[in-house]
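S.K.: So TrEMBL has the following annotated:
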type: DOMAIN; residues: 8-89; note: domain 'Prepilin peptidase A24 N-terminal'
type: DOMAIN; residues: 102-203; note: domain 'Prepilin type IV endopeptidase peptidase'
type: TRANSMEM; residues: 6-24; note: transmembrane segment
type: TRANSMEM; residues: 70-89; note: transmembrane segment
type: TRANSMEM; residues: 96-113; note: transmembrane segment
type: TRANSMEM; residues: 119-138; note: transmembrane segment
type: TRANSMEM; residues: 181-208; note: transmembrane segment
type: TRANSMEM; residues: 220-242; note: transmembrane segment
Amino acid sequence: MVVFSAAVFGAIAGSFLNALLFRYNTGRSVLRGRSGCMHCGHTLGVLDLVPVLSYLLLRGRCRYCSSRISVQYPAVEVMVGSIAVFLALNTPDLPSFFFWLLVWIILLFVLVYDLRHKIIPLSCSALLAALGLLHVYLGGFQLVDAAGVLLSVPLLFVSLISRGQWMGWGDGMLEAGLGLLLGLTAGLTAFMLAFWSGAVVGIVLLCLPRGYTMKSEVPFAPFLIFGAACAYFLHVDLFYTLPTLFF
């Protein structure tokens, strides 16, 4: 029952996250106004708004104009639902559940928004950093956790010397929040995984015949969040794994 309730709650939260993603910075109210088809503008009915199920029953097409519905809708709903289930099974109490669910909803927002628009809203990075400070404070201000904020220094330095051209300011602020939330050890693991995965994807993109060059803009936040997910959900610890591979 706990798993089912968490999955449903997470999917509903994912539905609201989708609405925020499509309405943010467009002048449309996030809290007001009915949802409508992105193509024909027809107001959606209750049966069109059931997370995941509506997309499957409608076979990915609008009931009114038959236009394709973005796969982002069910993907985000499934991801938030899955995260909610994980947290329900692995957090000790409701406050912890809601705290970490909020953290990962913000991270998913940043991931999708950065992929779509190649920019990180500074308000999201600032909110994540504030949650990181709250996490450190409630945890008794352990030095190893607070030191995680130092992981943002290299990114902020690159942003400073390049005036935001090589690395956006939002990436450094995002890493500051992740460092505070994950702590120094897990945060450094996430940081290293982000750079390694980013390097691999960058090399692959350069090899594709689609006009990618060294000057092409590639969002870095998704790689930071990928690294954080590996450290948080999969408990990847490079400080344990790497020595066992060589010794």
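Note that Cβ sites are derived from N, Cα and C of the backbone, with glycine treated the same way.
Keep in mind that TrEMBL annotations are predicted by a computer and have not been checked by a curator.
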S.K.: By DSSP, what is the split of the domain 'Prepilin peptidase A24 N-terminal' (8-89) into helix, strand and coil residues?
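M.R.: So the counts come to 42 helix, 4 strand, 36 coil.
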S.K.: Near the transmembrane segment (119-138), which residues from the same chain, at least 6 beyond its ends, have a CB less than 8 A from one of its CBs?
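M.R.: Here the qualifying positions are 24-25, 99, 102-103, 106-107, 109-110, 113, 145-146, 148-149, 168-171, 173-174, 176-181, 221.
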S.K.: When the domain 'Prepilin type IV endopeptidase peptidase' (102-203) is classified with DSSP, how many of its residues are helical, how many are strand and how many are coil?
M.R.: 88 helix, 0 strand, 14 coil
